[in-house]
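These features come from Swiss-Prot:
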- 1-20: signal peptide (SIGNAL)
- 26, 27, 28, 29, 30, 31, 32, 33, 34, 35, 36, 37, 38, 39: NAD(+) binding site (BINDING)
- 130: active site (ACT_SITE)
- 205-217: disulfide bond (DISULFID)
């Protein structure tokens, strides 16, 4: 009997792989749409072209959304959660009116911030277990997707042929310490006087701030977030270049001749 139980447990694990270090997002966009866009881009990136408004990459604003609970038109993050089950639950709540939607599986990387970890007791929706992707999720970070039809997940995961495991292998979400300074609480918000945020608070965010009115906490937070996003993109670009060179070498593009490499 024990062997039979062990067999079915093994079969279950093989049939439904666990993604302990990956993240999940329910989205109405089809894989073809995502591919054409180069990934899961934030709403603010689209709206920036139409409205001519800057993208807001303030984590607290993102987590709160609008008064109706919808995504802000200038939002610079893309939401994910920690389990397939949670993503399905959120998808049914937000996308239940669609006959079909998708749950994307996303590789861990430092562009993902733990909303509950960074915002602490000020996180507005802690039950969602959100990890917010700063600047969106590039196509190369998407491992694959599940199709949801009339509320039910159909079959297994479809793998994304453009996923770059070599770029994201071994990476993890950003540590909370990297997120405290871009938490984005409003000017003079109580959290800026509390641990841990007061240790990381930009001067413009402190309650006793006397900076000029054109240097607000929100504007400074956006600048810091833009800097972090630029650093992440540079890191991925450098790693991509390195992996490309290594693959060329491994494929025999370079031939060894008397201890010398030549084209």
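Residue 1 is the first one shown; counting continues down the chain.
The backbone N, Cα and C atoms fix where each Cβ goes, glycine too.
Candidate recorded positions: 26, 34, 217. Fewest other C-beta atoms within 10 angstroms, 34. Comparing the Cα of residue 32 (NAD(+) binding site) with the Cα of every entry in 130, 205, 217, these being the recorded positions, the smallest distance points to 130. Taking the Cα of residue 38 (NAD(+) binding site) as the reference point, the closest of the recorded positions 130, 205, 217 is 130. Residue 34 (NAD(+) binding site) falls within a helical segment according to DSSP.
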